[in-house]
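**Q** Pasting a structure below so you can have a look.
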There are 2 protein chains.
Amino acid sequence: MIIVDTISELKAALARQRSKSPNGFIGLVPTMGYLHEGHASLIRRASNECEFTVVSVFVNPLQFGPNEDFERYPRDLERDAALAERNGAAILFAPSVQEMYPSKPLTRVLISEVTESLCGASRPGHFDGVGTVVSKLFNLVQANRAYFGMKDAQQVAVVQQMVDDLNIPVDIIPCETVREPDGLAMSSRNVYLNAEQRAQALVLSKALDEAGKRLREPEMTAGRLAAEAAGLIRTAPLAEIDYVEVLKYPSLKQLDPDQRLAEINAQLILALAVKFGGTRLIDNRLFQLAGGEPHVQNDDEVKASPSYSH
Amino acid sequence: MIIVDTISELKAALARQRSKSPNGFIGLVPTMGYLHEGHASLIRRASNECEFTVVSVFVNPLQFGPNEDFERYPRDLERDAALAERNGAAILFAPSVQEMYPSKPLTRVLISEVTESLCGASRPGHFDGVGTVVSKLFNLVQANRAYFGMKDAQQVAVVQQMVDDLNIPVDIIPCETVREPDGLAMSSRNVYLNAEQRAQALVLSKALDEAGKRLREPEMTAGRLAAEAAGLIRTAPLAEIDYVEVLKYPSLKQLDPDQRLAEINAQLILALAVKFGGTRLIDNRLFQLAGGEPHVQNDDEVKASPSYSH
């Protein structure tokens, strides 16, 4: 594995690889570093599926709000390099802020609707920064496949929307959240937790498990599912809820909170953001519902929506 | 030359070309169709410099305001195809609106500052639409070079800014404005002009010529240059000025209107937008000024702007 911190070195390494193997797949795992087993699993999957895997490590100032943890976000490039290499990466691209933004960036990639709930609502501007930096990384690496963890399910939905809308030639590969043995979703921010916060944070995965069990109850609704998850989280005295929501996925559109889930045929997400002390953790679970009457489209409807037919 | 109207046909044709000639340059000439000699010169240059030239013809609804001429914008695909082929194009890509926007597009590429004057000020949202569709075309074609006419000088500046900010792997090739023998800049919109409007529209290129002559007068300022151009344009009774401005190029930043041009070391643009009847025409000229004291950077300044050094 080689470590590069400039765009010109990255491009040179990619050009060598492309001339050596014009049809070999290139994989990209974009990260903010401080890599953990969740990232390791993305890198392993990329290395298995692609001939050449690029891991980027860049704490992107554009996606942090003014009162967020950009400055104190944990960094350890040496450990990241060892983990990336051990899991099959060919290049670690770790640019400086100046390398990525050599002058004031005037261009933003803005994605609407899918960014307006959950973390997009709690962290204004966050997904503008994500869209912009991910666009840059896609353009720099020109990977065939890019791997993202589903812990950031909204990020996956946002990036997929951007890729579809802008015809970006990359396949987005969503990968399952990796958890600690006791259920806590892996996150670079877990390092901020003290022992007591760490113990109480287990309530998040417990709330998701519990929702999975109660989902099929005949009278269950989206509103009740969210309320019960929030109730369970509040049993942890240190938990401060930012949001607990049940939405459609990947559109992240609202559901009727009172409609019985048994009547719904859609994929839903139960998404959580909860602070423990100063540390904001997120987690989620997807549920595929197959209830309701199959919807039969009649001729009038087909004619009324020409812009959506192919 | 082949004509394709779907993204999948375009991609298939590009893949065939790439496998036949992996190192051959691909050129892109993005247009809104109704091609004229200005476009022809772009296509010829692309064909000379690239092995394979794609001409896109797409009247992009995203870059038209609600009261603009999207519906009546002139279209003639058969003539466009003949012109593109005659000038060396390998593919004419002419997608429908539905092919480019199969569902409501939620992603926008927004460029600030450089879009805030001239046509960006007169046509709110125009350059958001341009940035978005040009991003899509760049992603679809993955050309090595893209050719743009300098009649739309602000568009060239905006696209170059976007390419730089987002690290889009394409070289932007600005090409000189092509004019009718009497000086009128070629434009698909010239077809809207009646004989009297057409005759009076010559005042635009005359105003640019006159400015080029008076530029070196010792007391000339940006403010006077613009005022004199506006005065000359107003001698045409049908002319309704939208803007006449002298700005820095390509930043499109304001100048001190009272500073003597002889003191300035910069590239300037004199940019015009003038309506004749319902038809809005634009034209411009660039001037390289080499006046003023050469600016010697001292150590303090170097230290004070670390984010701009490499």
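In case you wondered, yes, glycine gets a Cβ from its N, Cα and C as well.
So TrEMBL has the following annotated:
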| type | residues | note |
| --- | --- | --- |
| BINDING | B:32-39, B:149-152, B:Val178, B:186-189 | ATP binding site |
| ACT_SITE | B:His39 | active site, proton donor |
| BINDING | B:Gln63, B:Gln155 | (R)-pantoate binding site |
| BINDING | B:Gln63 | beta-alanine binding site |
**Q** Using a Cβ-Cβ cut-off under 8 angstroms and a sequence gap of six or more, which residues of the chain neighbour B:Met32 (ATP binding site)?
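**A** Once residues fewer than 6 apart are set aside, B:Met32 (ATP binding site) is near B:Val57, B:Phe58, B:Val59, B:Asn60, B:Tyr73, B:Ser188.
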**Q** Sort B:Met150 (ATP binding site) into helix, strand or coil using the DSSP assignment.
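**A** B:Met150 (ATP binding site) sits in a helix per DSSP.
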**Q** Name, in the order they occur in the sequence, the residues of the same chain whose CB lies under 8 A from the CB of B:Leu35 (ATP binding site) and which sit 6 or more residues away.
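**A** In sequence order, B:Ile43, B:Val55, B:Val57, B:Arg79, B:Asp80, B:Leu83, B:Ala84, B:Ser188 meet the Cβ cut-off.
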**Q** Which recorded positions from the set B:His39, B:Gln63, B:Gln155 come within 10 angstroms of B:Val178 (ATP binding site), judged by C-alpha positions?
**A** B:His39
**Q** Rounded to the nearest Å, what's the C-alpha distance separating B:Met150 (ATP binding site) and B:Gln63 ((R)-pantoate binding site)? Just drop the number here, would you?
**A** 18
**Q** I'm trying to understand the geometry here, so how far is the Cα atom of B:Gly38 (ATP binding site) from the Cα atom of B:Gln63 ((R)-pantoate binding site), in Å to the nearest whole number?
**A** 21
**Q** Provide the number of Cβ atoms within 10 Å of the Cβ of B:Gln155 ((R)-pantoate binding site), excluding the reference atom itself.
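**A** Taking every protein chain into account, the count is 24.
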